[in-house]
Structures are given as C-alpha cells and as structure tokens.
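*Asks:* Feature table excerpt (Swiss-Prot):
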- 1-28: signal peptide (SIGNAL)
- 29-177: domain 'FAS1 1' (DOMAIN)
- Asn30: N-linked glycosylation site (CARBOHYD)
- Asn40: N-linked glycosylation site (CARBOHYD)
- Asn135: N-linked glycosylation site (CARBOHYD)
- Asn154: N-linked glycosylation site (CARBOHYD)
- Asn167: N-linked glycosylation site (CARBOHYD)
- 205-351: domain 'FAS1 2' (DOMAIN)
- Asn207: N-linked glycosylation site (CARBOHYD)
- Asn312: N-linked glycosylation site (CARBOHYD)
- Asn317: N-linked glycosylation site (CARBOHYD)
- 360-388: region 'Disordered' (REGION)
- 368-384: compositional bias 'Low complexity' (COMPBIAS)
- Ser396: GPI-anchor amidated serine (LIPID)
Amino acid sequence: MANVISISHFTLLALPYLLLLLSSTAAAINVTAVLSSFPNLSSFSNLLVSSGIAAELSGRNSLTLLAVPNSQFSSASLDLTRRLPPSALADLLRFHVLLQFLSDSDLRRIPPSGSAVTTLYEASGRTFFGSGSVNVTRDPASGSVTIGSPATKNVTVLKLLETKPPNITVLTVDSLIVPTGIDITASETLTPPPTSTSLSPPPAGINLTQILINGHNFNVALSLLVASGVITEFENDERGAGITVFVPTDSAFSDLPSNVNLQSLPAEQKAFVLKFHVLHSYYTLGSLESITNPVQPTLATEEMGAGSYTLNISRVNGSIVTINSGVVLAVVTQTAFDQNPVSVFGVSKVLLPKELFPKSGQPVATAPPQEISLSPESSSEQPSRLVSPPREIVSSGAVKRPLGFLVLWCWCIAFCYVLV
C-alpha cells in the first residue's frame, strides 16, 4: 500500500491566510523609500515627511504621486511652501497625490478632452464642488500629458519616473499645483529671531474655545467643556504628540435618548465623558481613514487605566470615518480645524463610554448613513456632502492582482491537492 502523506487541517487553513498577509504587507506604500532613489526629488520628499503626508500615505495601496524635482522648484514655489500655514501646506501636497494607479498605458489612453482623477485632498473633507480632483489630458499629436486645476495653470508631466504595479506611480511635473480653496497669499505669523542667547518662550497654544465658536454648531459641547474646566486641560495637552478632538454637534445632543442626562452626572464622570472624546495624538482626517490600530486610547484612558475608555475607529464606504464607543456608532461629519498639533472634528453622536452607559439601557447605536451632510468650515451655508471618492474614470492596472501572487496561490492549491 502506498504511503499516504498527511497534512494537518491547520496547515491547509494557514496557507491562504499567510498568503493574504504577505500580499497586504507588500501592498503598503513607503513613499519615502521610493523617493530616496531619486536625489533630485529630495526637496519634495522632505516636504512630504515634514508635513506628515508621507505617514498618511502608508495606509494607501494604490496611488500616483506628482513630484516636483529640485530643478523645477522656482523661487516663488519655494517661498509659497515656506509661507503657507502647516494645514494649508499639507492640503497643497495632498493635491499632488492621485488616488488612482496610472500606468504608462493608462496615460496613453487618456482622451484629448481629459479625465477627472480624485486626489487625496478630496479625502480631507474640506473641498467643495469637485475642487478635490484634477483634470488629466493628453495631446494626441505630441503625446504630452498635462494636469490642470481651476485655481492655477496646467502643469506638464515631465517623466514617468517609477512604477510599481499596482501600488504606486511617480510622475515628475514642472511645477506645484495649487487647489481651489487655498489662499496662496496666506502666511504664518513669523516672529523675529531672538536677539539674545536666552531661550524664547514656547509658542502660544491654539484656542479651542474660539475654534468651537467659529464652528457655529458646537454650542452645547462648548458650554459643557467650559463649565467643566477640561477645555483648559485639553489646550495644555496640545504640546508633544498633539490632540485630536471629536466634538458632537448640537443636533447630536438633541438626539440623546431620554434616559441619558449628562447634566445629572457627577462632575468627575462628566469630565470622563468629555475626555473620552479626545485622543492624545494629532490625526488628520486622512490619517484617521488609514489608521492601522483601530482601538485608540483617550484622555480618559490615561486616568482610568489601559483598556478602558477606548474608541474603535474605522472607515466605511471609502472615506466615511466611523467611531464606535461600545455604546454608540458615530460618524465624522466635518473638519472644524486641522493644524498640527491640533485637529477638531464634528461627530454625529455624543460618544458614550460603555463604562458609564452599559447597553442594558435604551439602545443608542445606529448604522452609519449612506451619505453624511458636512458643514463647511466656519460657514452658515448649505452643507456639502461627504461621499466615497468617485469611481475611477481612467482604466487602471490597479484592479489586477500581481501575476506572481496568482502563480504562488495556484502552486499552493496544487501542492495541497497532491499531498491530500
């Protein structure tokens, strides 16, 4: 009788999992490592790192980067990158990240009329009327590819520098592209250099009270924060890693069930609820979308111990960020403020910690809506809508699995079949 080679069910089940793990690991993008091979892109690479965009891209798995070589940085462009506030500079750089892998063949198929491609700036939630997209066109006679924005003249693609299907393509362009909504005349308030060797005082903190006043629909949250005194504590925590604040809108407080009365809570518990809305790290909206560890500690966690008062942050429907408190499921509805080291986001629900509000009471959690109305920053106009990025208009090789992965997958299936 022929010898039968046995193989455990665990091994059979583990092989597909390991292959999936390897494929997802390979899909992660390290844009700094990619650009390090090109010394002429050092200035652009440094901007991506210092602004935090390089880290933001690590969670993406398919994009095209529009990089400006050192030789193409005019004095005006360099001056612009130095003058812009950090949040505006970050949005400027997000506009140079196309959320679509474009191969050389994809570029050749672009029609003369052009194709709209979504940028990472669109995912920030601060764009309006399609201002987060660029129009990519190709001249059929010369073969040159240009990329346009309503706010500035078109830039020309100089070269397809690097392509790693289906993850990243690096295109060099002859100038920076400025998106609509960024004031190129804006500048940071620069302090003169000290005249003595004594240490200068630390910079003034960001005024959270004024941010919430400017947001127009955070009146209830503001009154609770001021009355409890924790808003001062939040402002003191801006230093170091920074903070991310999730502020319920006024309608979120109106939607609280009748058995939840925050005003009746003891002062200490009320402070815990408010601190439960704050992460002790600075996150942009894009970094929340690509967060690798969904369970995040809050300021309340620091007081009550590891594992308690945590939030579960995830992304659904492409670009909608949800926050699960263990009792309610809230959605990020707007970016009220984003300037390193502080970001403030409006949320659709009051985040109730399970430690204080067990689910045994009236159910509060609801499914996230298909579309979430967003209030524009500091505006009383009709809110725009945060939706998933539009479907890819240019056909892309990004939808195809890597050939090597398919061959490896088929080989493993055949190998297991022979062994069994």
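Heads up, the Cβ atoms here are built off N, Cα and C, so glycines get one too.
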*Asks:* Which ones in the same chain are close to Asn40 (N-linked glycosylation site), with CB under 8 Å and 6+ residues apart in sequence?
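*Replies:* Listed in sequence order: Pro69, Asn70, Ser71.
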*Asks:* I want to check the contact list for Asn30 (N-linked glycosylation site): same chain, sequence separation of six or more, C-beta distance under 8 angstroms. What comes out?
*Replies:* Ser58
*Asks:* Are any of Asn154, Asn167, Asn207, Asn312, Asn317 (the glycosylation sites) within 10 Å of Asn135 (N-linked glycosylation site) when you go C-alpha to C-alpha, and if so which?
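*Replies:* Close glycosylation sites: Asn154.
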*Asks:* Run through the domain 'FAS1 1' (29-177) and tell me, per DSSP, how many residues are helix, strand and coil.
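*Replies:* Breakdown, helix to coil: 52 helix, 42 strand, 55 coil.
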*Asks:* Which whole-number mean pLDDT does the model give the domain 'FAS1 2' (205-351)?
*Replies:* 86
*Asks:* Looking only at DSSP and grouping its letters into three states, which state does Asn312 (N-linked glycosylation site) belong to?
*Replies:* strand
*Asks:* Which one is it, among the glycosylation sites Asn154, Asn207, Asn312, Asn317, that lies nearest to Asn167 (N-linked glycosylation site) by Cα separation?
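*Replies:* Smallest Cα separation from Asn167 (N-linked glycosylation site) among Asn154, Asn207, Asn312, Asn317: Asn317.
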*Asks:* Of Asn135, Asn207, which of the glycosylation sites has the most Cβ neighbours inside 10 Å?
*Replies:* Asn135
*Asks:* Including all protein chains shown, what's the count of other C-beta atoms within 10 A of the C-beta of Asn167 (N-linked glycosylation site)?
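*Replies:* Within a 10 Å radius of the Cβ of Asn167 (N-linked glycosylation site) lie 19 other Cβ atoms.
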*Asks:* Just give the helix, strand and coil counts over the domain 'FAS1 2' (205-351), going by DSSP.
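*Replies:* Taking the domain 'FAS1 2' (205-351) as a whole: 53 helix, 40 strand, 54 coil.
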*Asks:* Of the glycosylation sites Asn207, Asn312, Asn317, which one has its Cα closest to the Cα of Asn154 (N-linked glycosylation site)?
*Replies:* Asn317
*Asks:* Between the Cα atoms of Asn207 (N-linked glycosylation site) and Asn317 (N-linked glycosylation site), find the distance and write it as a whole number of Å.
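*Replies:* Asn317 (N-linked glycosylation site) has its Cα 33 Å from the Cα of Asn207 (N-linked glycosylation site).
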